[in-house]
């Protein structure tokens with residue numbers, strides 16, 4: 001019995017690193033002064049991707065929950081969390097993101113320009129985070145959280161509200177806009 005438990009424990013230690021990993025991407029992320037570092041953690045078992053952008057006060061963290069089709073971005077300078085539906089036409093699948101991250105490792109911007117997604121942030125705070133699933137609820141719990149709706153592509157140039165932009169690995173640019181971006 002002890003030998004069986006030892007073998008199972010050893011297999012668990014050897015198999016666990018295969019389920020989730022982190023890739024660090026250094027370079028210009030397009031935010032503020034162009035310095036910083038992004039890291040992407042992909043967990044295929046839980047169907048989530050976690051993107052961390054470390055850039056001082058303009059740092060942010062984004063969680064893409066492929067299981068529930070919601071994404072959340074925590075803006076540290078705004079001390080808030082913004083939740084939105086994932087646009088599966090613009091946001092890569094978990095498998096494609098995995099491939100893109102591996103291809104971008106150690107490289108700077110290049111290739112096609114990033115896809116643009118623009119969101120209008122509703123200024124009303126979210127009361128029940130559980131509607132977005134346990135992963136996003138856990139990330140946004142305890143901080144003001146707002147819901148954002150995607151602004152259709154043709155209307156983007158006409159939208160003149162203040163925006164906070166998050167560039168993700170030179171493949172996707174997400175802008176969160178509203179009437180008072182300073183508050184969220």
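A Cβ is built for glycine as well, from the same backbone N, Cα and C atoms used for every other residue.
Pulled from Swiss-Prot:
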- 1-20: signal peptide (SIGNAL)
- 54-148: domain 'BRICHOS' (DOMAIN)
- 81-140: disulfide bond (DISULFID)
Field: disulfide-bonded residues (81, 140), the one with most neighbouring Cβ atoms at 10 Å
entry: 81
Query: Quick one: DSSP breakdown of the domain 'BRICHOS' (54-148) into helix, strand and coil?
result: 22 helix, 36 strand, 37 coil
